[in-house]
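Scroll down for the structure; my scribbles are underneath it.
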Amino acid sequence: MISNIVAFLGSVTMSSITPTVWPYMKKIDVNTPETLYGFIRGLYALGNIIFSMLSGWLSNKASDTRPALIIGKFVLIGAALSYLLIEVFHSAYVYVFIAFEFLLGTSVGICNVYRTHIAMASTEADRSKAFGITQFATSTGLIAGPLLQAAFSQIKYPGILLFAGIHFNLYTAPIFLAAVTSAIGIYLLFCHFDGQMRIRDIPAPVYTEDPTLLTTDEDTFLEEDKNNTKIEKEKSKNLPKYDILAVIVLILVKVTSELVILNLATVCPPYMMTAFEWNSEETIIVQTVLMFSIGAVSILFALSYIFFKMGQRINERTALAGALLLFLIFYAITYPWEYWPERISYQHVKGTPAPANRTMALDPVLRAVVAEALKPGSQIDIVGCNPDFAWCETTPRVNVWFYNIVSIVAIGIGLPLIHINLDILYSKVLGPIKQGTLQGVFVATGQILNVIGPVIFSQLYTFYGPKILWGLEIMVSGTALVMFFVFWKRVIPYSEMIAKNNKSSNIEVTKYPDKPIIKP
């Protein structure tokens, strides 16, 4: 329960901060390059990778996840303080943003050990429900965060002066919220959370429609053998190791899903701001509505896992394939195909006609207006595409309503499907071991592309526009689907692997005759 409350608070924090970073950078400097945003997102991922593995390894050594979770919350408070200093050190805002993103990624990486806690605190029989509850908590945070951000958006820039040149406004309010929720999380973890890692003595079987697998409920097994702990520990030592190929396949799926999400997080915000001619405030509001809608859809899926046993109705592998297919469809139908009638407009003052072409966008008079908008305190809103981007003149603009609705449906369904089921299946494949280190590796490998990926994606976007990136995502998603189906039969829970390898073993029938167990 406490871990889910902390997950909810963390989700509220991230969902309220994420929509503000890029618009805030553009507010400070309208000429902020997309490559800079990609670079700081890469630093976020680097911190995530390093400290996901480190915190997982240390949690294994300590057999406790609580210290890492508490440290992660303290680091998040440090990240919040660095963000607030952007106004104080305005001339060095780039370096402060860099510090903020790295600390934020470090905090998230450290706190990723909560996955280990959930995996080891649940049985295979109830793991779908356990991860469903966690997804419900985080999805609820995805709704609460945008709602709060919508309220914060009423506090116009520069906002209310507090102290030392720091203001309370739509850009900084989520950071104050992050500090408060982190403090609450620290209290809950210190006083009410047990993070001890307890290994199950036997493989945790799952129910299956195939009677030849002879699987059973782990709780039943534990009840039958509660007086034979020492004997079962010796048995568990003789059990086969988890399927390394299955682990590798799931890590590849993780990397692929992170690559898909990377584009959503790194390129989509500046792309949407450019293509749809939004200013910073409008971008925050629209992204807030999008995150709220996506969170609402995610909640429905999480509730289906909690109350309608969706984990038993839809196999994890099927759910993962469905999520990858949704991502493939999303990028295929939002690709800037030539049948879209409009083209992306170049920079102009909001509310005035856009330049008809790039030559007009480079007119000295218009460039002088843009330069005026860069001055502190300027009320001029510049929207549209940077004239340095030649591709804007020939790139079709997708309909804004179509793009946003498809985003809500595809991402709102795809993300919870892949987040819930990938974590569930990976933990089941690993079996009855301390999962801290391997869970850390799982998260870290999924983040590897996010270190250099944002810079590469931003560069590709700057030089070639969205077409090449959307084409890449279509290819990656399609390849991932093919690879997943090729190794479909190997990617199964540890208990099913044991059952298949022991079909000829003796079967012990307990007082639950409809639930036989396999003796090693």
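Even glycines carry a Cβ here, placed using N, Cα and C.
Among the features that TrEMBL reports, domain 'Major facilitator superfamily (MFS) profile' is placed at 1-496. The annotation transmembrane segment is assigned in TrEMBL to 39-58, 70-86, 92-114, 130-148, 168-190, 242-264, 284-307, 319-337, 401-420, 441-462, 468-488.
Most Cβ pairs under 8 Å with the transmembrane segment (441-462) belong to 242-264, among the candidate stretches 70-86, 242-264, 319-337. In this chain, the transmembrane segment (284-307) lies in contact with the transmembrane segment (401-420); the count of Cβ pairs under 8 Å, excluding pairs fewer than 6 apart in sequence, is at least 3. Cβ atoms under 8 Å from those of the transmembrane segment (468-488) belong to residues 245-246, 249, 252-253, 256-257, 259-260, 263, 267, 317, 320-321, 324-325, 327-328, 331-332, 334-336, 457, 460-461 of the same chain, restricted to positions at least 6 beyond its ends. Of the Cβ pairs linking the transmembrane segment (92-114) with the transmembrane segment (242-264) and spaced 6 or more residues apart, fewer than 3 are under 8 Å, so the two regions do not touch.
Only pairs six or more apart in sequence are counted, and the transmembrane segment (319-337) with the transmembrane segment (70-86) gives fewer than three Cβ pairs under 8 Å, not enough to call it a contact.
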